[in-house]
Every structure is written in C-alpha cells, then in structure tokens.
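Trainee: Let me begin by handing over the structure; questions about it come next.
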C-alpha cells in the first residue's frame, strides 16, 4: 500500500534522527522499563497481601497491565506525532503538511518517534506472554485469534482517544492539550479491575473510554461476569472511536486558519 510505504519511510527518517543520540535513546528505554517494572512490583506486593483484587487474580491483573503497556508502546513508537499536533497548529507549521500530496492525519501522527515506546512494547509483550501462560484459559486457535482481535482493538481505542483529545487544540489554539494529558493519566486507573472503583469512576473510565484498552478486552477473553458482554463489544467500540476521532480531526482541520491568513 502506497500510504503505508511512505509512512514507514517517514518514521524511518525520524528514527534515524533519534538514533543519532544513541545514549539518550537507550536511557529513555531504560527509564521506561524501570517505570513499568515499578508498577509491576506494586501489583506483586499487593497480591502478597490478598489473593484477589476486585475478583481478579494476580496474573489476570497483570494481563490487563500488559495490554495497556502494549497500547501505549505502539502509540509512542508509531504515532508519537499525535502529541505534537498542538505545536504544529499553534506555530502554523501545519501549513506545510496541507500542501503535500499525502493524508494530513498520517503526516501528523508520523511526525515523531517516541523511543520510550520500544521499552513499553518489549516489556509489555514479555509480560503479556508470561501472564497468558498462567491464565486459567485453554489456548485454542480460536481463543488465540480472539485474543489478537481484542488486543488490536484495545490499541486502536488508545490511538483514537489520543488523536481526538489532542485534536481539541484546533479550538483551544494552545501548544499542547491538557485534556489529552489528563485522559492519558486517567488511563492509568484502567490498568486495574474496574470493580475496585465506585459507580461514578467506573462510568467515567467506560465512557472516555480508556477501560476498553485493557480491562474490558481481558474481561471478554476470560469471561469475567457482567463485564464480558461489554468486553465483547471492544472491536465495535474501537471502530466507533476511530470514526469519532477522524471526525473530530477533520472538523478541526476545516476550522484551521493558516499562519498566512
């Protein structure tokens, strides 16, 4: 596909720029892994005191955490440019992207490479594999396929939420989106079972909908009671989020005023 080939080259150019400072890149990866390791240690310490957390076992919770790590890693590594949209709009640099014969949204998302994403993807994949082995689940070919679909859907939800919340800069005209940062932080709460929280917070995490990145997909995979039905809708939610994010971005792009206007 022509667009995919160009996107790969675009990311490659930014990756080469990042690798010119290899020590900095390695430190970034190391810091990311240490941060995720600290979260892992926290979960392990909690389960030394209890046998279940909101009805979820240790490996089930770690599977949710791994799903979120992978989604964040893919977002940082392949779509980091989304977080730079505010600067492009505020400084009028979006003008250069508008005149190029390539989809603007792909130019925006591919405008940077977050090398910390490599740490998230690597650590998340390792944790996901370890958790999968310890789950009380028969890994038939159909189950594996369903797990892959749920994982891909969770990643798409994360990417769509990032794009939509960053696209509000078209209206706010600020160099960064505090909404995007707030929603990203809120997503940390969705690493753990929603059954731990009150009705209000559960509803918020569902509607945003960061709970569909890791919690609900895992609930669907493991058949976790009332959350299973909602989790089974994760692919539908992902498609709706992608369509909604695209609509928000397009609406913002239409109201964008060129720096020369």
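Including glycine, each Cβ sits where the backbone N, Cα and C put it.
These figures come from a predicted structure and were not determined experimentally.
Here TrEMBL flags 25-47, 85-106, 118-139, 145-173, 194-216, 228-249 as transmembrane segment.
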Trainee: If you count every Cβ pair below 8 Å, which range out of 25-47, 118-139, 145-173, 194-216, 228-249 shares the most with the transmembrane segment (85-106)?
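Mentor: Answer is 145-173, with the largest number of Cβ pairs below 8 Å.
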Trainee: Report, as numbers and ranges, every residue of the chain located at least six residues beyond the transmembrane segment (228-249) whose Cβ falls under 8 Å of a Cβ in that stretch; write 'none' if there are none.
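Mentor: Contacts of the transmembrane segment (228-249) (Cβ under 8 Å, skipping residues fewer than 6 from its ends): 105, 149-150, 152-154, 156-157, 159-161, 163-164, 167-168, 206, 209, 212, 215-221.
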